[in-house]
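Following: one structure in structure tokens, then a few remarks.
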């Protein structure tokens with residue numbers, strides 16, 4: 001288990017709770033999506049490196065050391081009764097919408113266990129002093145960001161509203177057996193993540 005929270009600091013840390021994809025699976029997804037050439041070479045897309053692939057369960061924002069300790073301790077307590085589970089990925093999604101996409105992501109099918117995990121993380125965040133997040137939980141893994149994606153290559157004349165790559169992207173099996181409290185540093189080259197604490201879920205029965 002990783003634990004890099006021993007050094008006390010008065011500085012605030014940008015943090016979130018997430019499921020980090022295994023690197024081998026993340027690398028497979030990265031290669032598959034890039035092979036589609038769905039974003040032209042002249043686009044301004046910034047691809048997320050596979051080692052940063054994650055599913056955010058709760059964004060915490062700027063946290064004090066005390067808040068991070070509280071979140072980590074509560075996660076460890078709650079996960080002693082939370083069983084590991086499996087979920088499946090879906091196709092590609094574009095945010096805020098397909099007509100004006102800024103973010104390309106991999107959809108993750110949400111089931112009861114994923115929703116339960118999100119609710120636990122939400123309650124822990126509120127208990128630690130975060131404001132309640134009333135937005136709809138839409139599990140996904142961000143793959144790329146851009147001011148504008150070139151979408152013309154994704155359309156077919158006979159199916160102008162359908163993105164062909166949706167049909168060609170296989171579903172991937174995600175074994176959720178561990179979650180993490182992660183620190184995020186924003187840089188000119190993108191986000192840098194550091195796992196502050198890894199919290200295992202219980203083995204599947």
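These residue numbers are counts, starting from 1, taken along the chain as shown.
Each residue, glycine too, has its Cβ placed from N, Cα and C.
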Among 50-53, 54-57, 58-61, TrEMBL lists motif 'HXTX 1' at 54-57
Per DSSP, what is the residue count of the motif 'HXTX 1' (54-57) in each of helix, strand and coil? 0 helix, 4 strand, 0 coil
10 Å Cβ neighbour count around residue 54 (active site, proton donor)? 21
Cα-Cα, whole number of Å: residue 54 (active site, proton donor) versus residue 140 (active site, proton acceptor)? 8
Same chain only, please: residues at least 6 beyond the ends of the motif 'HXTX 2' (140-143) with a C-beta under 8 Å from a C-beta of the stretch. Say none if there are none. 21, 29-30, 33, 47-48, 53-55, 89, 92-93, 103-108
For residue 140 (active site, proton acceptor): intrachain residues, at least 6 apart, with Cβ closer than 8 Å: 55, 93, 105, 106, 107, 108
